[in-house]
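For reference, the structure discussed in these notes is given below.
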Amino acid sequence: MGPLQPIWTLEEARAADQKVQDEGVPGTALLAVAGFQLARYADAIAPSGPLVILTGPGSNGGDGWVAARHLARTRKVTVIPVMEPHFAQASEWVRAARAAAVAVEQGDAAKTRLTEASLVVDAMFGTGFHGSVQSSPAGPWINFLADAGVPVLAADMPSGINTDTGAYDGPRLNVQATLTMGAAKWGLVGYPGADLIGTLCVAEIGLGHEASSGAWIDPAWAYDHFPQSGRLDHKYRRGHVVVVGGSRAMPGAPILAATAALRGGAGLVELVVPKAVADSAVPRSPALIVHPVDQTERGDLVWSDALRARVERADAVVFGPGLGQSVDPAVIGELIRLHKPTVVDADGIRLTKVWDRPLPSNWVLTPHAGELGLLLNMKPDEVNADRRTAVTSAAKQWGCPVLLKGRFSLIADGSRPVWVNPTGNQSLATAGSGDVLSGLVARLLAGGLSGQEALALGAYWHGWAGDLGGNAQGVSFTAEDLCGWLGSAAQAILERRVPQTVTYWR
């Protein structure tokens, strides 16, 4: 069973809306509920001071007019109609707002109201916008908001952000929160949209949670899938992980992966590294079993009977951290023959590209945008322009689940909805963080989770450890510190103390 809270494309959002209307609920009733929820939320985050609502021509603008009528009962509210309304029954909603003492301003007077506002509600475009917001009628108002720096609440989507991809060509606004209707939209987790939305909150307005292209990983799902240990467990029952990697240039990466597997609860972790690296690995953790294996003159790993013997005993394998780029890609073929669940990361991903054949379905890939671009013959910016499509394409092409790292990491297996991880912060942007993730995912594979489940829970756990440690240590936070926070993060998951990153407004 996968995560349940959906993430919609524009087409899916419209289909959900239409389905409710086909069942007999008029569109104006949905608009009325959305506007009421918007008013309640605006009142909650800015309980005092004057409010200004910028409205557009469609139903998003309609939400704004309805919200204005409700808010005007207790607040000073001004509506600035950026474009004339033409949504269903627009004249009735506008007339009702004016009757409720909502002020309507334009021109210089409107700009004065904006600078005086305790909160500005952006109800200009919502989900239906396409193209360049800078060249739209809203462009001058968005530029004015950016210059003024006033706090903004976005209704459904910040105006100008593409609903499906997150693309945006306008200036950064001081968006405090986005109240999106029914379910989150892909543009809110795409780039750069994900960095422009403030706090994300989903408003319940009566739309069903139909099948969707995406779903959130949430605390309940993480709890349900978290590995539990029993009193009669021994180290082999808790999972045996083998990490294969390392080189003279990068001896630390496989050590971080192995340490994370240990800290994640694996019963036995073995580190298989070139002889040149082994001596540096031994002092790092007495619990690690280090196996030096054959190497080239440059100190790079080569396949050998000793390496095969270690992997054959494993429940799961990490392949790639610190490996270097001169290892023979045939090593991948040798690993495939051993039929072990395997996490491929870092230089292992580069070797996968050279190998250029589909991987076993029990393998997983954990690339960042640059590495995924390598696998798909794309530039990193092209990957980030539509991350959902890119990660899905990679999963289909390579035949196994793929995790695309970054803010709101994505997990795809090519068939089911793409899962989105909400945890983590900028503290994870540090060398070695990805190695920690690969070790953690391998520990979960060794515990019996499927590839997609291990990637999802690993990302969630890794991200929450980053949230805890990064908030505690700030700029001094490192990948080694991250390993140390995995235990606290695990306890928080098991004690159900991880808050909902995406909140719901009911």
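Glycine is no exception: its Cβ is also placed from the backbone N, Cα and C atoms.
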Listed co-binder of AMP (same site as LYS405, GLY406, ARG407, PHE408, SER409, source TrEMBL) among GLY399, GLY432, GLY434: GLY434
Annotated companion of ASP122, SER159 at the K(+) site, TrEMBL, chosen from ASN60, ASN362: ASN60
CB contacts for ASP122 (K(+) binding site) [other CB atoms within 10 A, all chains]: 30
Least buried by Cβ count (within 10 Å) of the binding-site residues GLY62, GLY406, GLY434: GLY406
Whole-number mean of pLDDT values that fall within the domain 'YjeF N-terminal' (13-213): 94
Check: same-chain CB within 8 A of K(+) site center, minus ASN60, ASP122, SER159: LEU54, GLY56, GLY61, GLY64, ALA123, MET124, PHE125, GLY126, ALA138, ALA154, ALA155, ASP156, MET157, PRO158
Additional residues surrounding AMP, by Cβ distance to the LYS405, GLY406, ARG407, PHE408, SER409, GLY434 centre under 8 Å: HIS368, LEU404, LEU410, ASN421, GLY424, LEU428, ALA459
Rounded Cα separation (Å) that holds between HIS130 ((6S)-NADPHX binding site) and LYS405 (AMP binding site): 27
